[in-house]
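What follows is a set of notes on a single structure, which appears directly below.
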Amino acid sequence: MSFLPGMTPVTLSNFSWALEDRMLEGNSTTTPTRQLMPLVVVLSSVSLVTVALNLLVLYAVRSERKLHTVGNLYIVSLSVADLIVGAVVMPMSILYLHRSAWILGRPLCLFWLSMDYVASTASIFSVFILCIDRYRSVQQPLRYLRYRTKTRASATILGAWLLSFLWVIPILGWHHFMAPTSEPREKKCETDFYDVTWFKVMTAIINFYLPTLLMLWFYIRIYKAVRRHCQHRQLINSSLPSFSEMKLKLENAKVDTRRMGKESPWEDPKRCSKDASGVHTPMPSSQHLVDMPCAAVLSEDEGGEVGTRQMPMLAVGDGRCCEALNHMHSQLELSGQSRATHSISARPEEWTVVDGQSFPITDSDTSTEAAPMGGQPRSGSNSGLDYIKFTWRRLRSHSRQYTSGLHLNRERKAAKQLGCIMAAFILCWIPYFVFFMVIAFCKSCSNEPVHMFTIWLGYLNSTLNPLIYPLCNENFRKTFKRILRIPP
């Protein structure tokens with residue numbers, strides 16, 4: 001056996017041992033990488049699906065006019081945050097996991113951390129402001145409709161994103177404000193405050209625990225309000241005829257232009273004139289007055305007792321409705337004290353029923369309706385003017401109440417969608433923030449695989465959100481089918 005010049009058997013054996021050690025060291029680093037390949041493939045698929053689904057949501061909102069609503073602006077904000085998580089945060093996290101070390105340098109590390117914290121926080125805040133919007137829409141439907149504009153919603157969304165971007169300050173400039181408590185660990189991508197307990201606890205409370213508790217409180221109130229409204233409607237539907245039945249009775253009724261032996265206490269101004277003695281004289285007209293039960297009111301007193309009171313109505317030729325005069329006279333004959341006793345303000349909540357549906361009456365509505373009741377009856381042309389004003393106010397009131405009812409139906413479906421979004425949000429993020437608090441107080445309790453699992457469980461929320469929209473929203477479902485060319 002020959003040797004190379006200058007190479008002794010001892011030195012050759014030492015070289016072979018060193019080469020063997022180097023190969024074994026290489027195998028020790030590549031073997032875990034190969035074992036992680038199936039996991040890397042799965043996580044890469046999750047990232048691609050997250051990007052595709054959130055792009056689909058954004059395109060659906062942009063292309064479908066039915067989705068151009070104020071409420072969907074919050075969905076767009078949530079989808080943008082989830083898109084950043086899927087397109088930027090997930091791929092860099094997969095590379096970090098695959099190599100078991102950060103190899104992209106400190107600048108890209110800070111960029112990745114910034115995008116991770118900002119997008120995740122923006123996603124949480126988007127769910128929070130969406131919850132507030134649903135809460136106000138259900139609790140204050142008429143009042144909030146005037147306030148609920150795209151401009152105000154956009155300003156709220158902008159504020160949520162600006163608050164989320166505040167994370168950039170401690171991530172990039174912690175060492176400028178606070179003295180570092182420890183040296184950065186080699187081949188690790190982590191913030192300068194990773195071992196600062198008080199800061200981590202404070203941010204966890206502000207970013208997750210406080211918004212989550214508020215969202216749960218809001219959603220409980222939403223659930224109770226929707227449930228109460230549904231119970232009111234069931235009560236009304238079981239006790240009152242529908243508007244179509246009333247209309248059928250009206251068409252079959254025999255209408256006389258003059259009451260049999262009675263003079264109508266409230267004449268149509270076009271059918272009345274006033275003579276010198278101040279007596280109303282009927283005038284010929286093609287319009288007729290008939291008694292018609294047009295609506296009923298469901299009231300709830302302070303003790304929680306629910307009762308109904310019928311509201312007799314008058315239908316006037318072209319279909320306008322107003323309260324019958326006998327009801328008006330009973331109100332006008334009340335003294336000042338009894339009027340105060342029976343005023344609308346004494347009832348905490350009232351619901352009016354049209355076509356079998358119950359709608360809340362707001363203070364503005366009731367004050368408008370009660371206006372003509374508070375004064376004394378007038379005669380002649382003044383009573384005709386009062387009649388026109390009262391009819392117009394009743395029409396406006398019923399229009400607002402009907403709009404409120406339609407809005408309430410939409411908000412009931414939106415509350416269901418919000419419930420699914422909140423459930424996915426809490427289930428995905430609470431393990432991470434619980435473990436986040438544990439390692440903040442017990443640094444020896446840190447477990448890298450568990451920590452990585454909780455992080456990716458939070459990322460998975462960005463994948464689930466766009467799946468929830470079509471499941472809980474018919475317009476999203478139809479739009480998705482149209483875009484993907486799926487037959488209905």
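Using the three backbone atoms N, Cα and C, a Cβ is placed for every residue, glycine included.
Under the topological domain names given by Swiss-Prot, GLN140 lies across the membrane from CYS445. Between CYS189 and the candidates CYS109, CYS272, CYS294, Swiss-Prot records the disulphide pairing with CYS109. Annotated by Swiss-Prot as region 'Important for agonist binding', the relevant range among 55-59, 215-219, 425-429 is 425-429. Comparison of 74-98, 418-441, 448-470 by number of C-beta pairs under 8 angstroms to the transmembrane segment (39-59) places 74-98 first. Fewest other C-beta atoms within 10 angstroms, among the modified residues THR149, THR151, are seen around THR151. Listed as Cβ neighbours of the topological domain 'Cytoplasmic' (60-73) (distance under 8 Å, sequence separation of 6 or more from its ends, same chain) are residues 79, 130, 133-134, 137, 148-150, 153-154, 157, 414, 475-476, 479-480, 482-483. Reduced to three states, the DSSP call for THR149 (phosphothreonine) is coil.
When pLDDT values are averaged over the topological domain 'Extracellular' (442-447), the model yields 81.
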